[in-house]
Amino acid sequence: MSLPERPGGSPVYEHRNVYRNSPSRRPRPNDIETGFQSVPRAGHERGKSVSSYAETISNPHANTETLPLSPTHPTASPPPHSPDQPFTRKRSLIRPERNRIDKDHRNYHYHKHAANMETMPSSTGNDPILENVDVSTEPSGGSQTHGSFADSSPPRHHRSRKMSGDDQEKGNTRVKSRPRRSKSGKITKETRHRKSRKNPATAEQIRPPSAWNVYCAIVTFWCPDFMLKCCGKPTKAQRRAWREKMGLISIILVIMAIVGFLTFGFTATVCSAPPERLRVNKVTGGYMIFHGVAYDLSTSHHPPAEGIPLRQDGTGANVLFDLPEKHSGQDGSFLFQNVNGHCKGLINKAPGSDVPTNSDNELAWYFPCTTFNQDGSSRPNFTNPYYLGYACHTSANARNAFYVGLKGAADVYFTWDDIRNSSRNLVVYSGSVLDLNLLNWFNESEISVPDRFKVLRDQDSAVNKAIRGRDVTRMFQSPGDKQVAQCLEEITRVGFVDTETVGCIASKVVLYCALILILSVVGTRFVLALIFQWFISRKYAASKTSQSSDRRKRAKQIEDWSEDIYRAPARLPGDVGSSAMGSSDRTSKRGSSFLPTTSRFSAVYGSDRPTGARRLPTTMSSQGPASALLNPNSIYRQGNDSRASFLRPDPYSSAASPSDGPGPAGFIHDSVVPQPPSDWMPFGFPLAHTMCLVTAYSEGEEGIRTTLDSIAMTDYPNSHKAIVVICDGIIKGKGEAVSTPDVCLGMMKDHATPPDMVESFSYVAVASGSKRHNMAKVYCGFYDYGNKSRIPVEKQQRVPMMLIVKCGTPDEADKAKPGNRGKRDSQIILMSFLQKVMFDERMTELEYEMFNGLWKVTGISPDYYEIVLMVDADTKVFPDSLTHMVSAMVKDPEIMGLCGETKIANKRDSWVTAIQVFEYFISHHLAKSFESVFGGVTCLPGCFCMYRIKAPKGGQNYWVPILANPDVVEHYSENVVETLHEKNLYLLGEDRYLTTLMLRTFPKRKQVFVPQAVCKTTVPDKFMVLLSQRRRWINSTVHNLMELILVRDLCGTFCFSMQFVVFVELVGTLVLPAAIAFTFYVVITSIIHSPPQIIPLVLLALILGLPGLLILVTAHSWSYVVWMLIYLVSLPIWNFVLPTYAFWKFDDFSWGDTRKTAGDKVKKGGIEYQGEFDSSKITMKRWAEFEREKRARSAYFGSRENVVGAPGGWAVPPSHAQTDGYYSDA
């Protein structure tokens, strides 16, 4: 077997053996396509350094132009195929790992970064299979000065690798190209030219208007630009935002109209008011029934006849009330018989009959001309009161008066229960109810009837039993039977079956489907929220912390603690996990490391087969040697006193190493918190290094002190947490004596560099125009609790702290807010830094200082950090919250983000704070608990959340970036924000948009809510401040839900999916004002009119009552019942006032009254473009290049006397040749 070779040292893939391209060859584990690589064999190459930087092997193609990161560059795409080259393997539509990665792919930027990373040498003698990647590529296009040095570094053993398609994360993202950089680390003029072409003013002239802009122009055609200029919209961006706002409002109004139509208008439209109908046996008063129709005869007058005299007023008598025999409510069908129709030929005159006939042998009547009861209780009566044919109304005048002069008032209907009544002999034919007992009224001495009638009326016959109480329409379809049925319909119809129109049936179907859907969503959310609270959430929590293990007692302590923002917890962290030194072996959970866990026959990359023993979760510390985490002064260290031994390939070598000098390894702070062994588990799970990011803007000393105290006093070990504070500009809060950066700097001690010697460094900010260039200072040290601290001295813990102050360029030193670029820019500073560290990419001078500074005060490389906690500067964290959050992250590697519960500390300050208490409660314990079941929490609040920087993937030592993923960083750092949608995402709801971006990039990973993690904060106590805050939150919610609804890969399918839940939530948010108006309308109409609308009232009771039930079954404080009642009273504010104001302020991108500063003037953000970005002021190089130049500027590396706590000194400065290996290693 040949020696291992570097990928660039052998022919390209297409020139090698054709067998590797053959379909008959099965993929091997060491192929790049499979996502795995072999571990280099010992003895053929230099041993791997345990430093936190990648080994670099010299590049034989050092002069080859590197592949730029920018996907728009022509050399970024693979070279076209030439005829003299062998055909390469075609891409398949079936295998997902071979899908085309274009600009619309969710992992586009990640693939670009991964493609530019060098690979480790192969131990099999075969080169890794690389597709569409130049052989000689340099990651991030690093500069190659000092020709003898090779700066192309392969990824470390724990760096992210390009995985197979099945392992790649999925999601759809919008792509933004990265600028191309020159070899010197500067952004080229071509980039500036491309930037100028992206100027909104010129872009709008070239780019054709989109369908959305055309729609907005049509909606607002009535308001031309000159009118908007007169109304305070002078700039084009403001006018465009206003038109887009009106377009959105028009769509919201249409949705409200649709919901209103479905609620009230749909039934009235498709099921209009039917004609009046009267149920059988309910026809009374002035009605009389004829052939199934009730006629109103209460005001009728019958002409004089036998037995019907004139009244005293000379008018005819009323046949219902004036005669001795009352006929009100009776059936008079025999008085106006339907003869000689379909019955002609079936019913004939009997021999010797007195029934009159005409020349066509048509009979004058069939039945005796009398009335009968509508309930069918009358018996046949064949007597004639006065003369033959009395009351038969056979004259033309009489029949015209009835058939033409009278109009039916209502149909008489039978329900199917009435038809199945055993005392009646009823059947249904073509919707008409026929009474077969009326066939018994035939006087067979006068009339001859067919035998079929006799069989049908006989209740003892088999035929009658088969059809009685049923619909016989289908049974009487033959020609002979159809005539019989039609004849029966003419002479025996007593009413109609109870039916509804198709429209009424459709309206009921829609109503009940909507009811079932809403009840299902509401009920499912409630049940799944309970399941999460009772069962799922408990597996995320730490088994033990410094607080009480009794859940009820702990809940009571939290409620008492949250009553006041400055109230201390019931128990301060003590022995458990306070530091690496603070726990005894009895409280630690350590496993034995004496016996080996692998052998030479073990799989290199691990096995996916389940084992009998439960494997511990994977962390950075657990994958590497424990000694790699230790600093020179660690009590766990034995032997070598210099960290340089960890940077050398051979720790026992006697050769000098350049890292023994004053580099990052040379002046680690003497007070650094020692690192414990990797198997030390004080809480029952492996520890993971965590950054605690605190973003500050204009907060005062009291607010910041509260936050930092709570973070520093969490019971999570100080060896595994570091506080990172980023101040967004030199800003002084309203009523404060000093600026916020000065306040934060005063809370530090034991600085690695004296504060007065700290310089400002440049970086690329998230802004437009000249503000893209910003400068910041990096202060590193330890947290200082202060002389007046409420925390006892013996409880104060030593926590490393790094302060980043955005001070701005010298040009803006005299402006109101120098350095201010927004909270998103502060987050991007850290996220971009983490990306550069993980991929070993070129970084700015600021990031280089952050790297070294963090290493100084923590004693470990920044790429050991796996998790970042994000906290606002006015939030206080419960002591064991950080432990519970890290526990969830470590126990479930699929979790990429989580949040805890935020409680209100000023509940009783005013009615404004009182109405927010239950709203906060229900948003966490109902909404977020439900979403956590599916791992899709749609909003991780920026005041208290945690994200995973990178996650273990696949086999041993493989990690994929999560928060540090290039796709997340690229999209979150978008600085060209033009549309109303983008401005609401990036300028108002950046915290929520980060959550959306994570779900969109990694739809198969989880974002959950950890109820055991609790923080408290103060909420607005004035209505105008609340109005301004909720304006931002509601508008951000709408636009983020619009983004999430397009993500198809979320959990579930169709109506049983998170995508459908997001759709329902979006529609529910948009129609909130209409919904509360409809609710009041239903309640008022139900009180005034009768009968009440039962279904809407029941639905309303369920929606409003289930949250109260949630309080009871989850055993929360009974005080929340009172807060719920206050919330219900304030529903018009939550559902009408706040959403309506927010929708009307869609084009307002300012933060309003939420954050006040000294001399602040509220402006609408996101609409100014000031100056031009000069990229030449920003230098970007890899860490090794920065470090080389820094050391080259010194005549020698310095003496050990200059290093804090370092014994001994340098006798002779090391030669330049001795540093070559180190630089390539770094």
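In case you wondered, yes, glycine gets a Cβ from its N, Cα and C as well.
Annotation source Swiss-Prot lists compositional bias 'Low complexity' at 66-75 (among others).
The compositional bias 'Basic and acidic residues' annotation in Swiss-Prot covers 94-107 (among others).
Annotation comment: Swiss-Prot describes 163-172 (among others) as compositional bias 'Basic and acidic residues'.
What Swiss-Prot lists as compositional bias 'Basic residues' is 173-198.
If you look up Swiss-Prot, you'll see 246-266 (among others) marked as transmembrane segment.
The N-linked glycosylation site annotation in Swiss-Prot covers Asn381 (among others). DSSP assigns Asn381 (N-linked glycosylation site) to coil, not to a helix or a strand.
For Asn421 (N-linked glycosylation site), the count of additional Cβ atoms within 10 Å of its Cβ stands at 17 [all protein chains shown]. Taken from Swiss-Prot, the feature N-linked glycosylation site applies to Asn421 (among others), supported by sequence analysis.
Taken from Swiss-Prot, the feature N-linked glycosylation site applies to Asn443 (among others). Under the DSSP three-state reduction, Asn443 (N-linked glycosylation site) is assigned to coil, being neither helix nor strand.
Listed by sequence, the residues of this chain that lie at least six past the ends of the transmembrane segment (516-536) yet keep a Cβ under 8 A from its Cβ atoms are 925-927, 929-930, 932-933, 1009, 1011, 1055, 1061, 1064, 1099, 1102-1103, 1106, 1109-1110, 1113-1114. Marked as transmembrane segment by Swiss-Prot on the basis of sequence analysis: 516-536 (among others).
Residues or ranges marked as N-linked glycosylation site in Swiss-Prot (evidence: sequence analysis): Asn640 (among others).
Annotation source Swiss-Prot lists compositional bias 'Low complexity' at 649-666 (among others).
Its Cβ placed at the centre, Asn787 (N-linked glycosylation site) has 5 other Cβ atoms within 10 Å. Secondary structure at Asn787 (N-linked glycosylation site), as computed by DSSP, is coil. Among the features that Swiss-Prot reports, N-linked glycosylation site is placed at Asn787 (among others), with the record citing sequence analysis.
In sequence order, Asn984, Leu988, Gly989, Ala1142, Phe1143, Lys1145, Phe1146 are the residues near Asn1035 (N-linked glycosylation site), counting only same-chain partners six or more apart with C-beta under 8 A. Swiss-Prot lists Asn1035 (among others) with the feature N-linked glycosylation site, giving sequence analysis as the kind of evidence.
Residues or ranges marked as transmembrane segment by Swiss-Prot on the basis of sequence analysis: 1060-1080 (among others).
Sequence-distant contacts of the transmembrane segment (1094-1114), counting only residues of its own chain at least 6 positions beyond either end whose CB sits under 8 Å from a CB of the stretch, comprise 511, 515, 518-519, 522-523, 526, 529-530, 533, 918, 921-922, 925-926, 1079, 1082-1083, 1086, 1120-1121, 1124, 1128. Look at Swiss-Prot and you will find 1094-1114 (among others) tagged as transmembrane segment.
Counting residues 6+ beyond its ends, the transmembrane segment (1118-1138) has Cβ neighbours under 8 Å at 559, 907, 914-915, 917-919, 921-922, 1026-1027, 1030-1031, 1034, 1072-1073, 1075-1077, 1104, 1107-1108, 1111 in the same chain. Summarising the annotation, Swiss-Prot assigns transmembrane segment to 1118-1138 (among others).
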Protein Cβ atoms within 10 Å of Asn443 (N-linked glycosylation site), excluding its own:
16
For the transmembrane segment (246-266), find every same-chain residue at least 6 residues outside the stretch whose CB is under 8 Å from a CB in it, and list them.
212, 215-216, 219-220, 507, 510, 514, 980, 1067, 1070-1071, 1073-1075, 1078, 1143-1144, 1146
Reported as an integer number of Å, what is the Cα distance between Asn443 (N-linked glycosylation site) and Asn421 (N-linked glycosylation site)?
26
May I ask which residues of the same chain, at least 6 positions away in sequence, place their Cβ under 8 angstroms from the Cβ of Asn381 (N-linked glycosylation site)?
Pro368, Thr370
Between the Cα atoms of Asn787 (N-linked glycosylation site) and Asn421 (N-linked glycosylation site), find the distance and write it as a whole number of Å.
93
